[in-house]
Amino acid sequence: MSIILGIDPGSRVTGYGVIRQTGRHLEYLGSGAIRTQVEDLPTRLKRIYAGVTEIITQFQPNMFAIEQVFMAKNADSALKLGQARGTAIVAAVNNDLPVFEYAARLVKQTVVGIGSADKVQVQEMVTRILKLSDKPQADAADALAIAITHAHSIQHSLHIANSVKMTETQEKMTALLKTRYSRGRFRLKI
């Protein structure tokens with residue numbers, strides 16, 4: 001069982017979403033947004049850090065997933081986003097959480113099936129995947145989508161690991177059978 005905290009970073013609004021993954025089953029635990037007022041950047045970063053720390057304390061996640069920085073046209077906006085993202089990561093690391101990063105395009109591809117999906121499509125699919133009665137706010141939906149992407153990544157990794165183990169087992173069994181057959185210890189019955 002994993003409890004995954006997904007974060008959609010922003011210097012004014014940072015979305016969060018928390019899900020529990022048990023095998024292939026995903027359960028919604030909570031979501032929302034950390035909103036900062038029109039204040040100086042250091043104060044906003046302090047609020048983001050405190051907010052993420054509070055969410056970690058409340059939900060006790062054991063994994064932290066966050067959106068990677070994308071290239072923005074406005075350098076100032078990109079720097080502020082990077083600082084907000086870094087602040088959230090520090091809150092996770094200070095609480096001993098492993099940090100996983102996902103590109104926005106991969107998140108949309110995983111949740112919607114289209115890497116160029118818009119926010120409305122992401123909201124709709126998050127609502128369906130988690131069987132929610134109401135659509136979450138856009139920032140919260142993006143954060144939940146990041147958490148879902150991480151859950152999918154875990155499931156995919158387990159599948160690959162099991163496939164590798166199965167392949168190794170099959171190879172060992174084949175080698176054993178070939179050895180026994182070549183030494184006459186094993187006879188094929190047709």
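Cβ atoms are placed via backbone N, Cα and C, with glycine included.
These come from Swiss-Prot:
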type	residues	note
ACT_SITE	Asp8	active site
BINDING	Asp8, Asp139	Mg(2+) 1 binding site
ACT_SITE	Glu67	active site
BINDING	Glu67	Mg(2+) 2 binding site
ACT_SITE	Asp139	active site
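Reduced to three states, the DSSP call for Asp8 (active site) is strand. In the shown protein chains, 24 other C-beta atoms lie within 10 A of the C-beta of Asp139 (Mg(2+) 1 binding site).
Distance from the CA of Asp139 (Mg(2+) 1 binding site) to the CA of Glu67 (active site) is 12 Å. DSSP gives Glu67 (active site) a strand state.
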